[in-house]
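As recorded in TrEMBL:
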TRANSMEM  B:319-351  transmembrane segment
DOMAIN    B:326-536  domain 'ABC transmembrane type-1'
TRANSMEM  B:371-393  transmembrane segment
TRANSMEM  B:399-421  transmembrane segment
TRANSMEM  B:442-467  transmembrane segment
TRANSMEM  B:520-540  transmembrane segment
Amino acid sequence: MADSAAPAHTAKTVYHSVANTHPVKVAASGVEVFYADKQALHGINLDIQDRSVTAFIGPSGCGKSTFLRCINRMNDTIDTARVAGSIRIDDEEINDRAVDPVLLRARVGMVFQKPNPFPKSIYDNVAYGPRIHGLASGKDELDAIVETSLKKAGLWDEVADRLDQPGNSLSGGQQQRLVIARAIAVNPEVILMDEPCSALDPIATARIEELIDELRENYCLIIVTHSMAQAARVSQMTAFFHLGHLVEYGPTEEIFTNPRDRRTQDYITGRFG
Amino acid sequence: MGAIALAIAFLGVLLGTIVLQASGAFTNYVLTLPVTLEREIADPRGDMSEASLRRGSYNQLIQRSLQSEFPAASSRADLRELFGLYSGLNAASVMHRVIADPSLVGSTIDVTMPANHEIDLYLKGVTVEESITAGSGTIQAGAISGDITLSSDSPAFANAIARIRQQASSERDALLGRAARLEADAAGAASRDAREAGLAAARRAREEAARFDTVIDPETRITLGPRTASLLIRLNGGVVAVSALTPDGREAEGRVLLPLESAEASASWSEWVIETPAAARRITDQQAVYARALEERGMVERRFNTNLFLNADSREPELAGVMGAFIGSVLTMLVTMLLAVPIGVGTAIYLEEFAPKNRLTGFIEVNINNLAAVPSIVFGLLGLAVFINTFGMPRSAPLVGGFVLALMTLPTVIISSRAALRAVPPSIREAALGIGASRTQAVFQHVLPLAMPGILTGSIIGLAQALGETAPLLMIGMVAFVADAPSLGLSGLTQPSTVMPVQVFLWSGASERAFEMRTAAAILVLLTLMIIFNAAAIILRRRFERRW
């Protein structure tokens, strides 16, 4: 409680006490990321609960997306990026050399800022993951996976009769739900969403937010967002990042009603960012 | 807007000129003769074996047939001119027919062959100007063959004389005008040498002009020679070449080129004037008469020129065709495509998607970009040094040509493929990687299909460029006269051959006038190939784009 008076730009993170209603799914400790010589993240320690939505907020360039990309090792695809520290999913170290990032990414799905369906049919978009991971042993099984994934993503009713049409022909909001269905189809444990609604109109956004709320029952969801209102609406936990530091982490309600760090308060009241 | 219109106009002029030039090459005059395959000449050993049939003197048989058409031709000179109507190389096709079907020996077959190219050009009206006008008055021939006198009781030849005089005086005036200009130039010349040379040229022009004086003078006999127009008189089914005329126009001396049927006096005769002087054309009066006589008998007719498309190159324009070069181009392009496209696309994928960004790959990149700017003949030198000298591969072979052109095309394919791969949005890679596709799966299942239209376009443009190359083939011996088309198969890869642009180049430098139109025709064939290539690029692009 004394931390609330901490001066700005301290590396010390404010942690709110959390009612441990759900087990910890992702545990990060001392995560640091460098792009070439520039350090993008400084010693992030963060425990993320299963079956809940955790929101990462913060001004642009604060490192929230970078941290998100650490969780499925997407930073590996950037030549100059270097990641240090430990991230454990279900007590398994994912930064271990023995862990195949390809298999990891099947367990940790990702949804990007702009809807990016493959330029293939709706069916093939969803079926691609199960196909390459050998999750379905026959056509019927694959059909079933596609159907349940699309149903979970709340898209089935809209596309059931035109599964063979290209994914790009859908509207933006539908495309984003298609991408979520594609991520769900490989049966991941964690779903990462990098500003999933920033390219969508309010109605489509509301639809996705509903979906996120539904998915919470089965998955651990982590969402990066620039919209404070969205974070407040959909998440149970919120982490505030600033200049590569994790500033404050706690239940969403507390962060928004009673921020303890000045920077958090300034940001959520709209004084910067 | 104006610039575009100008460019289109220039293109139109270019294409129009080529098409106009080429149009003459697509048809040619063919000679059809009944040739009797006499047993002792076609089958000298008398055993009907292939070896014996190969030794047959088929040209002699064709000559006999032609001679029987013109029994009056008996002197050596006459026969040489008669047999000049076709090329002796045509005997080979008769031989092949006989070998294919030996039962033909002893029978009479119709042999169709292209007329000699000069005859062809004459009949097409390209090289020689001539006119036929009906004669007036009655004329009487002294005999039906040999050197004869044509006489008339009226000035029957007055028209002809007037025309010859007019032509002569205009030519004399032109020569005198030229001499005067040369003299004026010489007077103002800077050096003594130049002045003397100018005066000498003027003197020569005046001497030449003086030769027309006798023709123009109304009192003297007019003699016609190789430097004047030829006057032929068609009378009683025969033709007489006039060599001299009396000034009163009542008498003419001449030689019979085609025997007259009778020596009766006749009022239905015509003047056939070949305005181009014999010295300025490549066929004689006698050959013109033979050609027209055969045409009247239906033995010479204009047909579609199949030789142009089915034959390989030949020294005789009427037998020359683009088939050899076409097959050479096809084989060369196949080798180029099979090498340049997989290697080029593979290199592009590696450099763009997998290679670490370090000094070595940077060095390789710079070198690839530089290779695209290397003059193509340097690749030819490389081919000569490496493939022919070091590895001992055959000269003039499509295999080596394909290797060299593949080297030349590689940078184009790599650069355009890399650009196409780079143009694929990164979100697609992320999408694939995000659901657990491996790098290889992401590249081959998502990025490559999207880059395919660009890669195909780049590759086809590279190949089209290679198709039009001549310079790199110079060094490896493919810029050569090759009279046999390579076989269209694996064995053809090592046989001597040439390619389409080289054929155009070789024909453009040939001395025979008939190659002029064939050059234009070969350009058209090459352009058609290019258009087909580019159309294929567009169609493939469309198809791939539609699928995605």
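Yeah, the Cβs are placed from backbone N, Cα and C, and that goes for glycine too.
Bear in mind that TrEMBL entries carry predicted annotations, made automatically and left uncurated.
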When counting Cβ pairs under 8 Å to the transmembrane segment (B:399-421), the leader among B:319-351, B:371-393, B:442-467, B:520-540: B:319-351
Beyond the flanks of the transmembrane segment (B:442-467) by 6 or more, those residues with Cβ under 8 Å of it: 329, 332-333, 336-337, 340-341, 344-345, 348-349, 353-354, 405-406, 408-409, 412-413, 415-417, 419-421, 423-424, 428-429, 431-433, 499-501, 526, 529-530, 533-534, 536-537, 540-541, 544-545, 548
Residues of the parent chain within Cβ reach of the transmembrane segment (B:520-540), under 8 Å, 6 or more residues beyond its termini: 17-19, 21-22, 25-26, 308, 322, 325-326, 329, 453, 456-457, 460-461, 463-464, 467-468, 500-501, 503-504, 507
Long-range Cβ neighbours of the transmembrane segment (B:371-393) (under 8 Å; 6 or more residues past either end): 399-401, 403-405, 407-408, 410-412, 415, 469, 471-476, 494
